[in-house]
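Just below is one structure, and these are the notes that go with it.
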Amino acid sequence: MSDEELPDTFLDHETYGYPRTFDPNFKGPVAKRSCTDVLCCIIFILFIIAYILLGLVAWVHGDPRRVAYPTDSKGHFCGQKGTPNENKTILFYFNLFSCTSPSVVVNLQCPTTQICVSKCPEKFLTYMEIQFMYRTNKHYWMYYSQFCKSPFVKPAKTVTQVLLDDDCPIAIFPSKPFLQRCFPDFTTKNGTLTVGNKTIFEDGSGKKRNAIELRRAANRVNKILDARAIGMKVFEDYATTWYWILIGLTIAMLLSWLFVILLRFTAGFLFWVFMVGVIGIIGYGIWHCYQEHSNLQGRPNSHLTIYDIGFQTDISMYFQLKQTWFAFMIILCLLEVFIILMLIFLRERIRISIALLKEGSKAIGYLPTTLIYPVLTFIFLSICIAYWAVTAIYLATSGVPIYKVISPERTCKHENTTCNPEIFNTTEIARVCPGAQCNFAFYGGKSLYHQYVPTFQMFNLFVFLWLINFIIALGQCALAGAFASYYWALKKPDDIPQYPVFTAFGRAIRYHTGSLAFGSLILALIQMFKLVLEYLDHRLKEAQNNISKFLQCCLKCCFWCLEKMVKFFNRNAYVMIAIYGKNFCRSARDAFNLLMRNVLKVAVMDKVTDFVLILGKILVAGCIGVLAFLLFTHRLPVMIEGPTSLNYYWVPLLTVIIGSYLVAHGFFSVYAMCIDTIFICFCEDLERNDGSREKPYFIAPTLHGTLNKMQLVPLKQKE
């Protein structure tokens, strides 16, 4: 078939502005190559060296114990082994009501004494009550004195002296540990907030207080807690369920592997298994949400909204509301309807996807080592994530303890100045500002290194994004080179070169590190800018007007679209790099031109197949998620006994679901890369060859026949 006989979609016309320059004798990935984008490669290597040096410097100055343990007013760690506070793992606030002071927002510290204790108070007691009780039973004072700075033989001091010397709290309330800190034990009864079954109580200074005031103070403390402390609560659940999580991820890996193998032989049947499985799992989720919603009918307080109960440290309280389950049910119903509609409107194009899946399965069958490559990518990504996290922690904990003057009423002129807690009571500040305290504020310093710690954190994040995108790009280029070798082998598998994955990986590292770094740098810059926008939105949320919020939403939407577009073009550029060995810009241009000349087939073949693979990932994650849900909620007691005493069962459950999806994504991403590469090669094949004996098509006869029926390729090859 001549060029004049080909449909316009397949021609490389001069009108497109892309003159044909292809080698007619081209038979696969170019073997003779040269290094591309050398300047970007050098810059990338220099950034990696600087990143390693930054990690070493942070390791010298940082102390991760400051993340693992809360710190009292003197800067001592609670619960650290080998110290007097070894058995005192919880931080206790003397006067939580003082945390409503405006200084909390300014200084990020509650202006009250904080000490380490072994357990939280379990009852209401005031210092004045203890003085009377001590005369009849000394046991009460022994219980109360554990919440004082130092042990006392008896409560001989007056309340005024205790307040001035700050030796003991003037009152304690029933509390529970949260984030290794004592917080009041709030409960809701008949819509009324209570603490220890009381709504009104004495605060120790003769004033009557209510539970709402106490919760307001507790919420202030919650806002100033560093986000890194949240992980301490979740860590307990991970310590209990880590082996169950590993078992779930292992099953997800085996299930994904099984699906990949079965796709080669039963792609059509397995596709409908995907469809029925996904629809069934979502249907089960809808049914479960409906059951939970029905079970809450008539229960007290179940009619309350999330806004009514506000912030709660016990996440399970949200699952006791009908509104929560109703929202989940609506979301799942919309997802179910969306999938069914997609199946109805794409039913014809799904036949092409099944043909592509069969061809991809055949390629993976000839190149089985490609299924192992995601493990290598996972190892590289794990190393990068671990290095970034450790470096960030060491940078955040660099410095020495800094103490600042804190006054409850903010009337002291020395407010927020640095001080020395050892000699603070003998200084002029203590005399001029009665009630002021010298409390631990943060870790820092005045050296050049400490002044640039925020900049180092930004550099740490940027290089992390660059490395992550580079590793993904390296995997895409290596797999594309291997699958291109398969496609351009006329006699399969005889013409497939030996060790195609290893060869393609070596070519990508040796010749195209600069090009891969160039493409990943563009993506990292876009992602970095998105993170900066999110940060500014979080910090300026209260100060924004409607116009600025609208503009920020537009910027977020634009950068989200830009990121998706760059990812798509980068992916196809890496395929062209793997085939031709050109630099990034030229490969991206050639890939763009090729896709524009075949835009109809892009819409018909490529994206529909991606939709099928996404459903496969959802099926794997859904199957493992249902099993994990039944296990962690103790609904499989007959078959197997799950973990007990979990704080939040949804923590390991979400970990298993997200982890299973990522595992499935790792395996199905090989499929996606295979199909994308075959698609690019298929478009090149149609432009290079005409189906004659001299220039036969390299496309598989079965796939060629399916595409013939859809009229997406020339009807027959030339004799």
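Heads up, the Cβ atoms here are built off N, Cα and C, so glycines get one too.
Copied over from TrEMBL, here are the features:
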- 38-60: transmembrane segment (TRANSMEM)
- 242-262: transmembrane segment (TRANSMEM)
- 269-287: transmembrane segment (TRANSMEM)
- 325-346: transmembrane segment (TRANSMEM)
- 366-390: transmembrane segment (TRANSMEM)
- 463-488: transmembrane segment (TRANSMEM)
- 509-529: transmembrane segment (TRANSMEM)
- 611-632: transmembrane segment (TRANSMEM)
- 653-673: transmembrane segment (TRANSMEM)
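Ranked by Cβ pairs under 8 Å to the transmembrane segment (611-632), the stretches 38-60, 242-262, 269-287, 366-390, 463-488 are led by 269-287. Sequence-distant contacts of the transmembrane segment (653-673) (same chain, six or more residues past either end, CB-CB distance under 8 Å): 238, 244-245, 248-249, 252-253, 255-257, 259-260, 263, 357, 360, 364, 370-371, 373-375, 377-378, 475-476, 479-480, 483, 609-610, 613, 616-618, 620-621, 624-625, 628-629, 632. For the transmembrane segment (463-488), the residues of the chain that approach it from at least six positions outside its boundaries are 26-29, 44, 47-48, 50-51, 363, 366-367, 370, 373-374, 376-377, 380-381, 384-385, 387-388, 496-497, 500-501, 503-505, 507-509, 512, 516-517, 519-521, 523-524, 527-528, 570-571, 574-575, 577-579, 670, 673-674, 676-678, 681-682, 685, 698, judged by C-beta separation under 8 angstroms.
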